[in-house]
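Here is what TrEMBL records for this protein:
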DOMAIN    26-164  domain 'AP complex mu/sigma subunit'
Amino acid sequence: MTAQSCPRQHCATTMDSAALEPSLYTVKAVFILDNDGNRLLSKYYDPELYPSMKEQKNFEKNVFNKTHKADNEIAFLEGMTIVYKSSIDLFFYVVGSAQENELMLMAVLNCLFESLSQMLRKNVEKRTLLDNMDGVFLVVDEIIDGGVILESDPQQVIEKVNYRADDSPLSEQSVAQHITEKLALTSNVLQSAKEQIKWSILK
């Protein structure tokens, strides 16, 4: 519908509902660095955010310099909200927009850390992580898909990762089933977010 054919009242209503509509694309990036600030794993979900490798690594270096000696769990840098935690010689980061709910980002960070802790049998350090990178990528993909949060329960993540690791190469049927499951999960996340907003408005 064009602006010319849109009645003012309808446009206002549409804009209001759009403002209230929760964005599924909660996570902008996830990365894990060692205690020298070197990248071990990174995934960027917003193609407009640091599109080149050089920009990404500069951002990660700036984040590391600001956080590796800090006692906080949240940082604000370059218009981004960043939550983080460290373990031995590793630093874990989850990045969202400046408007993003820190609790949502922290839930992703905690799920990532706890899932890896279970998978690595509580040996969350650089050498063990590098020895299990395939599993680490599977964990990240079960928690976040294209920036959308799919899972925040570490136990569920580990069960799905174990199922996928034990599975034979995906047939066309299992690929279709996997896509259907992802779409259902995405729909459930959106519905839950809508319900939370509705109840917060009614309060």
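Each residue, glycine too, has its Cβ placed from N, Cα and C.
Mean per-residue pLDDT, taken over the domain 'AP complex mu/sigma subunit' (26-164), amounts to 94.
According to DSSP, the secondary structure content of the domain 'AP complex mu/sigma subunit' (26-164) in residues is 61 helix, 36 strand, 42 coil.
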